Amino acid sequence: MTTVAIQTYFQELRDVVDRVGREKVDQIRQSVQLLTACLRCGGKVLIMGNGGSAADAQHFAAELVGRFLMERKALPSIALTTDTSILTAVGNDYGFDEIFKRQIEALADPRDVVIGLSTSGMSNNVFHALTAANQVGCKTIGLLGREGGSIASIVDVNLTVPEHHTPYIQTAHGAVLHLFCDLLEKELFTPSGQTE
(Lines of atoms letter the chains of each structure in order from A and count residues from 1; the text may use other names and numbers.)
(Lines give C-alpha, C1' and ligand atoms only; values in the text may rest on other atoms or scores of the structure.)
Protein backbone atom coordinates (compact mmCIF):
# COMPACT_ATOMS: atom_id res chain seq x y z
CA MET A 1 0.00 0.00 0.00
CA THR A 2 1.54 3.27 -1.09
CA THR A 3 0.81 6.89 -0.40
CA VAL A 4 0.24 7.38 -4.12
CA ALA A 5 -2.46 4.67 -4.21
CA ILE A 6 -4.29 6.24 -1.28
CA GLN A 7 -4.06 9.74 -2.72
CA THR A 8 -5.14 8.50 -6.17
CA TYR A 9 -8.24 6.85 -4.71
CA PHE A 10 -9.37 10.04 -3.01
CA GLN A 11 -8.54 12.20 -6.03
CA GLU A 12 -10.60 9.95 -8.30
CA LEU A 13 -13.47 9.99 -5.81
CA ARG A 14 -13.32 13.80 -5.57
CA ASP A 15 -13.41 14.03 -9.36
CA VAL A 16 -16.62 11.93 -9.50
CA VAL A 17 -18.36 13.90 -6.75
CA ASP A 18 -17.24 17.22 -8.25
CA ARG A 19 -18.62 16.17 -11.63
CA VAL A 20 -22.00 15.39 -10.06
CA GLY A 21 -21.93 18.81 -8.39
CA ARG A 22 -21.25 20.51 -11.72
CA GLU A 23 -23.41 18.48 -14.09
CA LYS A 24 -26.41 17.34 -12.05
CA VAL A 25 -27.59 20.57 -10.41
CA ASP A 26 -30.87 20.62 -12.33
CA GLN A 27 -31.67 16.99 -11.48
CA ILE A 28 -30.88 17.57 -7.81
CA ARG A 29 -33.08 20.68 -7.77
CA GLN A 30 -35.94 18.82 -9.49
CA SER A 31 -35.64 15.93 -7.03
CA VAL A 32 -35.78 18.21 -4.00
CA GLN A 33 -38.78 20.05 -5.46
CA LEU A 34 -40.64 16.74 -5.94
CA LEU A 35 -39.74 15.57 -2.44
CA THR A 36 -40.72 18.89 -0.86
CA ALA A 37 -44.09 18.95 -2.63
CA CYS A 38 -44.72 15.33 -1.64
CA LEU A 39 -44.00 15.90 2.04
CA ARG A 40 -45.98 19.15 2.15
CA CYS A 41 -49.11 17.48 0.77
CA GLY A 42 -49.08 14.49 3.13
CA GLY A 43 -47.23 12.03 0.92
CA LYS A 44 -44.36 9.78 1.87
CA VAL A 45 -41.04 8.74 0.38
CA LEU A 46 -40.53 5.10 -0.63
CA ILE A 47 -36.97 4.09 -1.47
CA MET A 48 -35.24 0.89 -2.56
CA GLY A 49 -32.07 -0.66 -3.92
CA ASN A 50 -29.99 -3.84 -3.76
CA GLY A 51 -26.85 -4.57 -1.75
CA GLY A 52 -24.99 -1.36 -0.93
CA SER A 53 -27.86 0.58 -2.47
CA ALA A 54 -30.23 -1.13 -0.01
CA ALA A 55 -28.05 0.21 2.80
CA ASP A 56 -28.17 3.69 1.24
CA ALA A 57 -31.97 3.43 1.02
CA GLN A 58 -32.23 2.53 4.70
CA HIS A 59 -29.82 5.31 5.66
CA PHE A 60 -31.89 7.92 3.80
CA ALA A 61 -35.17 6.73 5.32
CA ALA A 62 -33.57 6.84 8.77
CA GLU A 63 -32.44 10.45 8.25
CA LEU A 64 -35.98 11.49 7.26
CA VAL A 65 -37.82 9.63 10.03
CA GLY A 66 -35.20 10.57 12.62
CA ARG A 67 -33.38 13.76 11.79
CA PHE A 68 -30.46 14.94 9.72
CA LEU A 69 -29.07 18.19 11.16
CA MET A 70 -32.17 19.89 12.50
CA GLU A 71 -34.46 19.03 15.40
CA ARG A 72 -37.86 18.79 13.67
CA LYS A 73 -40.89 16.57 13.22
CA ALA A 74 -40.44 13.14 11.66
CA LEU A 75 -40.84 12.89 7.89
CA PRO A 76 -42.62 9.80 6.48
CA SER A 77 -40.24 7.52 4.63
CA ILE A 78 -40.06 3.76 4.16
CA ALA A 79 -37.11 1.76 2.89
CA LEU A 80 -38.61 -1.20 1.03
CA THR A 81 -35.47 -3.22 1.82
CA THR A 82 -36.02 -3.86 5.51
CA ASP A 83 -38.86 -6.34 6.07
CA THR A 84 -37.29 -9.77 5.69
CA SER A 85 -40.63 -11.56 5.96
CA ILE A 86 -42.09 -9.58 3.05
CA LEU A 87 -38.90 -9.83 1.00
CA THR A 88 -38.58 -13.58 1.44
CA ALA A 89 -42.30 -14.31 1.04
CA VAL A 90 -42.59 -12.32 -2.17
CA GLY A 91 -39.22 -13.56 -3.42
CA ASN A 92 -40.23 -17.16 -2.79
CA ASP A 93 -43.78 -16.91 -4.15
CA TYR A 94 -43.36 -14.45 -7.02
CA GLY A 95 -39.62 -14.17 -7.69
CA PHE A 96 -36.89 -11.69 -6.76
CA ASP A 97 -37.93 -9.26 -9.50
CA GLU A 98 -41.22 -8.65 -7.65
CA ILE A 99 -39.93 -7.92 -4.12
CA PHE A 100 -40.26 -4.14 -4.40
CA LYS A 101 -43.13 -4.03 -6.91
CA ARG A 102 -45.53 -5.84 -4.55
CA GLN A 103 -44.70 -3.37 -1.79
CA ILE A 104 -45.36 -0.45 -4.14
CA GLU A 105 -48.73 -1.98 -5.02
CA ALA A 106 -49.55 -2.30 -1.31
CA LEU A 107 -48.17 0.97 0.04
CA ALA A 108 -47.88 3.64 -2.65
CA ASP A 109 -50.25 6.57 -3.04
CA PRO A 110 -50.26 9.13 -5.88
CA ARG A 111 -48.93 11.77 -3.47
CA ASP A 112 -45.76 9.75 -2.86
CA VAL A 113 -42.28 9.95 -4.34
CA VAL A 114 -40.54 6.66 -5.10
CA ILE A 115 -36.74 6.59 -5.34
CA GLY A 116 -34.88 3.72 -6.95
CA LEU A 117 -31.15 3.27 -6.49
CA SER A 118 -29.17 1.17 -8.96
CA THR A 119 -25.48 1.60 -9.72
CA SER A 120 -25.96 -0.14 -13.07
CA GLY A 121 -29.39 1.26 -13.88
CA MET A 122 -30.35 -2.30 -14.80
CA SER A 123 -31.76 -3.78 -11.57
CA ASN A 124 -34.92 -5.61 -12.65
CA ASN A 125 -36.63 -5.45 -9.27
CA VAL A 126 -36.10 -1.68 -9.08
CA PHE A 127 -37.27 -1.28 -12.70
CA HIS A 128 -40.49 -3.21 -12.03
CA ALA A 129 -41.20 -1.25 -8.84
CA LEU A 130 -40.70 2.11 -10.54
CA THR A 131 -42.96 1.00 -13.39
CA ALA A 132 -45.63 0.12 -10.81
CA ALA A 133 -45.09 3.48 -9.09
CA ASN A 134 -45.68 5.28 -12.38
CA GLN A 135 -48.92 3.34 -12.81
CA VAL A 136 -50.07 4.42 -9.35
CA GLY A 137 -49.31 8.05 -10.24
CA CYS A 138 -46.29 8.57 -7.99
CA LYS A 139 -43.39 10.78 -8.97
CA THR A 140 -40.21 8.76 -9.48
CA ILE A 141 -36.50 9.48 -9.08
CA GLY A 142 -33.66 7.23 -10.25
CA LEU A 143 -30.27 7.49 -8.56
CA LEU A 144 -28.29 5.54 -11.11
CA GLY A 145 -24.79 4.94 -12.42
CA ARG A 146 -22.89 4.25 -15.61
CA GLU A 147 -25.16 5.31 -18.51
CA GLY A 148 -28.39 5.02 -16.51
CA GLY A 149 -29.50 1.69 -17.99
CA SER A 150 -33.12 0.74 -18.56
CA ILE A 151 -34.30 2.66 -15.49
CA ALA A 152 -33.20 6.05 -16.83
CA SER A 153 -36.04 6.24 -19.34
CA ILE A 154 -38.90 5.45 -16.94
CA VAL A 155 -38.30 7.94 -14.10
CA ASP A 156 -39.42 11.55 -13.76
CA VAL A 157 -35.92 12.56 -12.66
CA ASN A 158 -32.91 10.66 -13.98
CA LEU A 159 -29.97 11.43 -11.70
CA THR A 160 -27.22 9.28 -13.16
CA VAL A 161 -23.67 9.42 -11.80
CA PRO A 162 -21.57 9.19 -14.99
CA GLU A 163 -19.06 6.67 -13.65
CA HIS A 164 -18.36 2.95 -14.03
CA HIS A 165 -16.58 2.23 -10.72
CA THR A 166 -19.34 1.00 -8.37
CA PRO A 167 -17.81 2.22 -5.07
CA TYR A 168 -17.48 5.74 -6.46
CA ILE A 169 -21.09 5.67 -7.69
CA GLN A 170 -22.28 4.56 -4.25
CA THR A 171 -20.30 7.28 -2.50
CA ALA A 172 -21.75 9.89 -4.86
CA HIS A 173 -25.26 8.53 -4.21
CA GLY A 174 -24.66 8.86 -0.47
CA ALA A 175 -23.54 12.47 -0.91
CA VAL A 176 -26.62 13.27 -3.02
CA LEU A 177 -28.95 11.68 -0.45
CA HIS A 178 -27.33 13.69 2.35
CA LEU A 179 -27.78 16.82 0.23
CA PHE A 180 -31.46 15.93 -0.24
CA CYS A 181 -31.81 15.71 3.56
CA ASP A 182 -30.10 19.05 4.10
CA LEU A 183 -32.15 20.87 1.47
CA LEU A 184 -35.42 19.27 2.59
CA GLU A 185 -34.89 20.38 6.18
CA LYS A 186 -34.18 23.92 4.99
CA GLU A 187 -37.20 23.96 2.66
CA LEU A 188 -39.64 22.49 5.16
CA PHE A 189 -38.46 23.81 8.52
CA THR A 190 -36.74 27.18 8.10
CA PRO A 191 -38.58 30.51 7.78
CA SER A 192 -37.31 31.10 4.23
CA GLY A 193 -38.70 27.79 2.98
CA GLN A 194 -41.54 27.00 5.37
CA THR A 195 -45.12 27.44 4.20
CA GLU A 196 -46.92 26.14 7.28
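Every residue, even glycine, has its Cβ placed from backbone N, Cα and C.
HIS178 is the only one of HIS128, HIS178 that Swiss-Prot places in the Zn(2+) site (with HIS59, GLU63, GLN170).
The CA atom of SER118 (substrate binding site) is located 20 Å away from the CA atom of GLU63 (Zn(2+) binding site).
Counted within 10 Å of its Cβ, the other Cβ atoms near SER118 (substrate binding site) come to 30, all protein chains included. The two recorded residues, GLY52 (substrate binding site) and GLU63 (Zn(2+) binding site), show a Cα separation of 17 Å.
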